[in-house]
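Visitor: Pasting the feature list from Swiss-Prot:
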DOMAIN    9-244  domain 'ATP-grasp'
BINDING   Lys46, Gly53, Arg54, Gly55, Glu99, Cys102, Glu107  ATP binding site
BINDING   Asn199, Asp213  Mg(2+) binding site
BINDING   Asn264, Gly321, Ile322, Met323  substrate binding site
Amino acid sequence: MNIHEYQAKEILRKYGVPTSTGLVVTKTEKINETIDKLNTEVYVVKAQIHAGGRGKAGGVKVVKSKEEAKKVAHDMFGINLVTHQTGPQGQKVNRLYIESGCEILKEYYFSIVFDRSASCITFIASTEGGVDIEEVAEKTPEKIIKFSVDPATGLQDFHMRGIAYELGFKDNQAKQMKEIVKSVYNAFIETDAAQIEINPLIVNSDGNLLALDAKITFDDNGLLRHPNITAMRDHDEEDPLETRAANAGLSYVKMDGNIGCMVNGAGLAMATMDIIKLYGASPANFLDVGGGADRERVKEALKIILSDKAVQGILVNIFGGIMRCDIIAEGIIAAAKDIGIKVPLVVRLAGTNVEKGKEILSNSGLEIIPAHDLADAANKIVEAIR
């Protein structure tokens, strides 16, 4: 789960991380009133969307008067902001964060993530802040530093000293950096975060370190333990089909293709998406119904797939282990009778009760195209939509 910048800063401040502060606006009629509450020489108006690249896309504006700030805020609120992370459709700006500006002497990048390949927690930092870290990694990889923390032993003093040293901090700034490292680590562990990113972490005119922008992504599996964090969820920032799928216990990610996919198991789902591309089409989604899906969940999965107007055909690929093929077949028939399936449908079944499942489908009277293996299924669905 993602949250907005102002929410991320609120969490980080609770853990002792110094951040820039401001006020959030959720209604246009509150813009002028909110800006009047800020007494500052410089105003920073920031669009609040769950995507990076806001600055380059015009979603962050710095102005030097209240009147300018009000005009910029009114112009920005409600626009469709397109960044390199939103895709061409963009994201509507329903919230603004208005801050007091400050002088920036130096910008740094600082984050903490799970490194699955090394089975550890990793700090990533760079003296090149304020830009995409991917760009730094590509052009000047030597400027990226990493420190890995063994979860069994936790954060140690040498980690904090090492990060401060590698970033070039000395004396009081080194002490500040060590405290920030410790605070961010504690926030990461205690909130079940998947990533915390501060970009940029700046040195201001007083020589102090300050988190000027912040992003936190949480592990969905840990949200049950954090109702206060779950309450920060902004459904307007999420695809409504993905929200609907999550409520139904389905793993669904919308994509830009034209072939809807319903599969059991994440690995098989990714293989199915790959082979669709191999045969010349593109997947419209990732959808894993899971191993314990019942008839109603299968039915809801197909409804979600068909709610995407870009879907021109559907490929169902089920390997029945825990999942029974006859349950899948019954769910397909129920969905077809309930909402109608007007696009080509290819079904490949294998595993538990496969013959019973095939029999149910063949006796249904529906126009279902059977496939005997994955390659055959991909070939048939691609040919069917041409």
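Positions of Cβ are set from backbone N, Cα and C atoms, glycine also.
Computed from a predicted structure; not experimentally measured.
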Visitor: Can you name the residues of this chain that are 6 or more positions from Asp213 (Mg(2+) binding site) yet have a C-beta less than 8 Å from its C-beta?
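Guide: Counting only residues 6 or more apart in sequence, the Cβ neighbours of Asp213 (Mg(2+) binding site) under 8 Å are Glu5, Ile198, Asn199, Pro200.
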Visitor: Report, in whole Å, the straight Cα-to-Cα distance of Met323 (substrate binding site) from Gly53 (ATP binding site).
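Guide: Cα of Gly53 (ATP binding site) to Cα of Met323 (substrate binding site) measures 42 Å after rounding.
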Visitor: Which of these binding-site residues has the least crowded Cβ, counting other Cβ atoms within 10 Å: Lys46, Arg54?
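Guide: Fewest other Cβ atoms within 10 Å, among the binding-site residues Lys46, Arg54, is found for Arg54.
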Visitor: Which of the binding-site residues Lys46, Arg54, Gly55, Cys102 has its Cα nearest to the Cα of Ile322 (substrate binding site)?
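Guide: That would be Arg54, nearest by Cα distance.
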Visitor: Among Lys46, Gly53, Arg54, Gly55, Glu99, Cys102, Glu107, recorded ATP binders, what is the largest CA to CA distance in Å?
Guide: 20
Visitor: If you count, for each of the binding-site residues Glu99, Glu107, the other Cβ atoms lying within 10 Å of its Cβ, which residue has the minimum?
Guide: Glu107
Visitor: Using a 10 Å cut-off on CB atoms, tell me which of the binding-site residues Cys102, Ile322, Met323 is the least crowded.
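Guide: Among the binding-site residues Cys102, Ile322, Met323, the lowest count of other Cβ atoms within 10 Å belongs to Ile322.
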Visitor: Average the pLDDT scores across the domain 'ATP-grasp' (9-244) and report the rounded value.
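Guide: A mean pLDDT of 93 is what the model gives the domain 'ATP-grasp' (9-244).
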Visitor: What is the Cβ neighbour count of Asn199 (Mg(2+) binding site) at a 10 Å cut-off, with all protein chains included?
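Guide: The answer is 22 other Cβ atoms.
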